[in-house]
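S.K.: Here it is, the structure in full.
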Amino acid sequence: MPYRISRQAYAETYGPTTGDRIRLADTELILEVEKDFTTYGDEVKFGGGKVIRDGMGQSQTSRAGGAVDTVITNALILDWWGIVKADIGLKDGRIVGIGKAGNPDIQEGVTIVIGPGTEAIAGEGHILTAGGIDTHIHFICPQQIETALASGVTTLMGGGTGPATGTNATTCTPGAFHIGRMLQAAEGLPVNLGFFGKGNASTPEALEEQVRAGACGLKLHEDWGTTPAAIDACLSVADQMDVQVCIHTDTLNEAGFVEDTIAAIKGRTIHTFHTEGAGGGHAPDIIKICGEANVLPSSTNPTRPYTRNTLEEHLDMLMVCHHLDPKIPEDVAFAESRIRRETIAAEDILHDLGAFSIIASDSQAMGRVGEVITRTFQTAHKMKVQRGALPEDSSRNDNHRLKRYIAKVTINPAIAHGISSQVGSVETGKLADLVLWKPGFFGIRPQLVVKGGSIVWAQMGDANASIPTPGPVHGRPMFAAFGKALAPSCLTFMSDAAMNDNIQSKLGLKRTCIAVENTREVGKSALKLNSALPNMSVDPQTYEVFADGELLTCEPAEVLPLAQRYLLL
């Protein structure tokens, strides 16, 4: 006779199953399990007296015979494509199976074979996501990498050379020399990395040189002069060499207005940074560019979400980052023109509608590198509280909203930058960059981070203790972050032209280098669950934002989840 246990006892032993609901941390966001790939009564679990033992859940199959290197058991996957319970198999640093793990000699329906060479990670009671992707990094200091990793971000793309004045303001690694040095520095950093060259030039030669030197994209920034001529030249080189172009448009409207920038883009694919405008861009109406089909619009996290403190902290941040002088009235006026409560409030709603598609940090240049995922789900929480359930959701769960928001920090930045064949989702064939979260800490503090199939970061107690759990428990780098294990666990992204020019060998790089691809063929319609194209307008006097004729406005949050309850500040 089969043995029956209560739903609560089952969840406590094997994790939640189909129909179970979970609150994410201290938010109002509720997740419901859509499908369970494991088999009731035949689940695999590691431990004394448990299932993964020789002749039981562990087969005799060798690694060469098909057994996986690692199995993550009974994890609850949250990704853009679904919310499912499954075992996950990892081999050679890649995801090779999502389904039912075990011993096919005695168990039915096994799709992931456990053998003597298989390690086990207990996913029961944990949420599993793809590693986050942050595509707006100012590489000001290498300590950012550890902070990002501690938040669940495993891929960083951007520009910079360290705390140079140019890097403090712009995400550009200018010129072949600096690109080479940053690619060499990446060898010791335990995340995937890609670097943007400076895109501000009116003729192609210097831009092509940077792409051949190893840039994975080009960045147009107003502080270097984002003129229509520079926009056109940069996009022309990008189209020729298949790299993405990111743009920070002209706040002062010196070389033209938003309509002139749209005209200069000529319908070509472009990733617009901080599309609301507080981070920089045509004042006051750059936000309306999110209605263009060729534009991939992103936000940076200082305006995520709109709170009672958002406006107050922005002015000083902006003055420092852009090398402005508070004694010069024109500099102060420049800064103040970028900070508008109306457009920041509208940005919240545009994210909830799926009209803004990506969230990134703007690290140490107004944004916080360790808060990308936190700010994303704070925004989702605020929108549920203020706007209620999405039409696709119900009173039972917020599944569609959760998929929409997780896509903003995983698959969509990967698609935008031509790396989605490698990273950005929990799918077979992709690099095993995975994050395990306890539900009570979702979005704020990962329990464990897997990088290229090996554990790179984890919550860990006193190293001198008799067991791993005694305090102080905090996030620490693990073995995949050290020695020669680091290089095979990580990817460096660059242009196909650089790969063909053998930059990897010329610079002595040991990491796996991958060419970005298909960056010029994507439009907003390719971005998962975030492809809305509203007809946008902005009142030039009041700064009120309208989408399809509807005023977009909301109140600032007074209190947020994923905040002081979790932080000793």
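Cβ coordinates come from backbone N, Cα and C, glycine included.
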S.K.: H136, H138, D362 show up in Swiss-Prot as binding Ni(2+) 1; which entry in K50, K219, K438 does that record put in the same site?
M.R.: K219
S.K.: Starting from the Ni(2+) 2 site formed by K219, H248, H274, give every other residue of that chain whose CB sits within 8 Å of the mean position of their CB atoms, in sequence order.
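M.R.: Leaving out the recorded residues gives H136, T170, T171, L220, H221, E222, C246, I247, T249, T272, F273, G279, G280, G281.
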S.K.: Report the member of H136, H221, H248, H322 (the recorded positions) whose C-beta atom has the most other C-beta atoms within 10 angstroms.
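M.R.: The largest 10 Å Cβ neighbour count belongs to H136.
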S.K.: Sorted by position, what residues of the same chain at least six away from D362 (Ni(2+) 1 binding site) have a C-beta under 8 A from it?
M.R.: H136, H138, F273, H274, G279, T300, N301, P302
S.K.: Spatially speaking, which of the recorded positions K219, H221, H322 is closest to H248 (Ni(2+) 2 binding site)? Use C-alpha to C-alpha, please.
M.R.: H221
S.K.: I want the residues beyond H136, H138, K219, D362 whose C-beta is within 8 angstroms of the mean position of the Ni(2+) 1 site's C-beta atoms, in chain order.
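M.R.: Surrounding the site, in chain order, are I137, G158, G159, T170, T171, C246, H248, F273, T300, A360, S361, S363, A365, G367.
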S.K.: Neighbour count, 10 Å Cβ-Cβ cut-off, for K219 (Ni(2+) 1 binding site): what number do you get?
M.R.: 29
S.K.: For the domain 'Urease' (131-569), what's the model's average pLDDT?
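M.R.: Summarising the domain 'Urease' (131-569) by its mean pLDDT gives 96.
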